[in-house]
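Enquirer: Can you read through this structure? Questions will come right after.
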Amino acid sequence: MAAVQRLLRASASGGAAAAAAAARRRMSTAVAPEQTPAAAAFPFAAAAGRARQRVAEERNVQWVFLGCPGVGKGTYASRLSRLLGVPHIATGDLVRDELASSGPLSVQLAEIVNQGKLVSDEIIINLLSKRLKKGEEQGESGFILDGFPRTVKQAEILDGVTDIDMVVNLKLREDVLVEKCLGRRICGQCGKNFNLACIDVKGENGLPPIYMAPLLPPNNCMSKLITRADDTEEVVRNRLQIYNDMSQPVEGFYRQQGKLLEFDLPGGIPESWPKLLHVLNLEDQEEMKLATA
């Protein structure tokens, strides 16, 4: 459990700096490949190539999904998790599980979430380390992280304990994000997520039109739907503002490493999923899975 131990040490006082220094030492000893015009135009191309090779050889990719609250990180990360056979680790789920457990952090977390604030580095690292330890004990290999890192400090800590192959940054215009978040519902019985919003936004001011069909629940879930406590317009807009203020340094951190893939969602799952697979060069992987299903 060396990786988790290093993660815990890094989260202690002064640990972030040590982790960042270790990451810089690794980077300084690597010889940067000569960039082709295509690689210069698309900084994520080299990272995508390395990640695709890792998929082909070992099926244990180590990816990160970034994006505003409600953009769909969990949806696309979980789909890729099933496609590639690696665990999907969502820090939002870790927080909600802790809230439901009535554990020592539950009261503190409830106050933070209900106010629309971001959970602190210390708490997130504590929850993530527990999840990594559990996965290692179960023999898991690789991961897709969803919702972590949110700060450069977290990115430095993560860089100090493991290699990230690629970072996918999902993007969606804010007016659509707000409407999407306000339509979210959870079945209080089965725990599945749904969305009642039917989004049909016209293109204007250079922005493309976006259509997202509602993700409706089956009849047996309809009467059991609940709204998350943090899905009010005031809280949603506050969370988006906080995220936007904090996300740019993290995006810059991974952009500088040539690992950041910016992906603008063109619509709902039917429109976005095939295009995401195309960008990741995973269409063949999807076809093979469907053929053997």
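All positions are counted from 1 along the displayed chain.
Each residue, glycine too, has its Cβ placed from N, Cα and C.
Small disclaimer: the values here were computed from a predicted structure and weren't measured.
So Swiss-Prot has the following annotated:
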- 1-26: transit peptide (TRANSIT)
- GLY70, VAL71, GLY72, LYS73, GLY74, THR75, ARG184, ASN193, PHE194: ATP binding site (BINDING)
- 90-119: region 'NMP' (REGION)
- THR91, ARG96, LYS117, LEU118, VAL119, GLY147, PHE148, PRO149, ARG150, GLN154, ARG228, ARG239: AMP binding site (BINDING)
- 183-231: region 'LID' (REGION)
Enquirer: Going by DSSP assignments with H, G and I as helix and E and B as strand, what are the residue counts for the region 'LID' (183-231)?
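Expert: With helix first, then strand, then coil, the region 'LID' (183-231) has 4 helix, 18 strand, 27 coil.
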Enquirer: Enumerate same-chain residues with a sequence separation of six or more from GLY70 (ATP binding site) and a Cβ-Cβ distance below 8 A; give 'none' if the list is empty.
Expert: LEU177, LYS180, CYS181, ARG184, VAL236
Enquirer: If we skip the immediate neighbours and take only residues 6+ beyond the ends of the region 'NMP' (90-119), which ones have a Cβ under 8 Å from one of its Cβ atoms?
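Expert: Apart from its flanks, the region 'NMP' (90-119) reaches 73-74, 77-78, 126-128, 131, 145-148, 150, 229-230, 234-236, 238-239, 242-243, 246.
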Enquirer: Taking every protein chain in this structure into account, which of the binding-site residues PHE148, PHE194 has the most other Cβ atoms within 10 Å of its Cβ?
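Expert: Result for the most crowded candidate: PHE148.
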Enquirer: Around VAL119 (AMP binding site), which residues of its chain at least 6 apart sit with Cβ under 8 Å of its Cβ?
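Expert: Non-local contacts for VAL119 (AMP binding site): THR91, VAL95, LEU109, ILE112, VAL113.
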Enquirer: When the Cα of ARG228 (AMP binding site) is compared with the Cα of each of the binding-site residues GLY72, GLY74, PHE194, which one is closest?
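Expert: Nearest by Cα distance to ARG228 (AMP binding site): PHE194.
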Enquirer: Just give me the nearest neighbour of GLY74 (ATP binding site) among the binding-site residues LYS117, PHE148, ARG150, Cα to Cα.
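Expert: Its closest listed neighbour, by Cα, is PHE148.
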